[in-house]
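See structure below.
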Amino acid sequence: MPMSYYLILSAAMFAIGVLGVILRRNPLVVFMSLELMFNAANLVFVAFSAYHQILDGDLFVFFVMTTAAAEVAVGLALMVAIFRAKRTIDLDEMSMLKG
Amino acid sequence: MDIGVLLVYGILGLTVIVSAVGLIVSRNALYSALFLVVNFVAVGLLYLALGAPFIAFAQVTVYAGSIMVLFIFVIMLLGAENLMLDEPLRGQRALGILLVVIFLAEIVLYYLLRTTPLQAIPAIPQTFASPAEIGMLLFNRYLLPFEVTAFILLAATVGAILLSKHEGPTRPKPGIQKPETPVEG
């Protein structure tokens, strides 16, 4: 398969993820869009790893995965804590730091 | 190229794009989560096609498995399936779509203006990214990042427990209350 197939697919996935982060107000959907963007980056890593026949790209994807898992765990715990304090997780309500 | 191969890759790419679009347009957050699972599995199949079986199975077990279970658990715990979809800021949606189109145009432009064109991916040898090879690299050259990852996961675990621990007035912590002072009189 030509390299451009993977690059175009990844660019489209990343753009859709950006769109989700910008447009959606549900923080959980925003989180999922972030995961989508992680996935797009991972796809390019693996594709270039196969393209150059160097294994380091695959290893980097492994590290990105573990970091993403840690990020999701902390992020969802934060969301639960915010829900306890404010009884809502609407992104527009999280504006206490605004002057 | 063989028509069957093209068909498989076309369906796989279409699945990835459609599930990603479904993720951001569906009204119910649970449907978004399920679309994301479909997306992860399709990308995992692409990894398999790229000759990275270890990454593909890690993708399915870690992402499509445990992370999505966490997501669905929190969605149901908070009852956050249906948050409002309208836009409080007028013109935000149009502006966002415009910015993303500019972003995509930049990526395409960068791809078109490359000086060295990309060739097709060469045939991948059978043992290229086998789990054994990945393990050798992980425990030799990447040993320090691997250990740092372990610490990151530990810190995330402690942080998640600490953040989601309930600290209400109904359950005072033992040991923090002041010892009763004897009343003088």
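The backbone N, Cα and C atoms fix where each Cβ goes, glycine too.
Bear in mind that the values here come from a model prediction, so they are computed numbers and not experimental data.
For B:6-26 (among others), the entry in TrEMBL reads transmembrane segment.
Taken from TrEMBL, the feature transmembrane segment covers B:33-56 (among others).
Sequence annotations record features per position, and here TrEMBL assigns transmembrane segment to B:62-83 (among others).
For B:95-113 (among others), the entry in TrEMBL reads transmembrane segment.
According to TrEMBL, the transmembrane segment annotation covers B:142-163 (among others).
Long-range neighbours of the transmembrane segment (B:62-83) within the same chain, counting only residues 6 or more positions beyond its ends whose Cβ lies under 8 Å from a Cβ of the stretch, are 27-30, 33, 36-37, 40-41, 44. Sequence-distant contacts of the transmembrane segment (B:33-56), counting only residues of its own chain at least 6 positions beyond either end whose CB sits under 8 Å from a CB of the stretch, comprise 9, 12, 15-16, 19-20, 22-23, 26, 63-64, 68, 71-72, 75, 121, 124-125, 128-131, 134.
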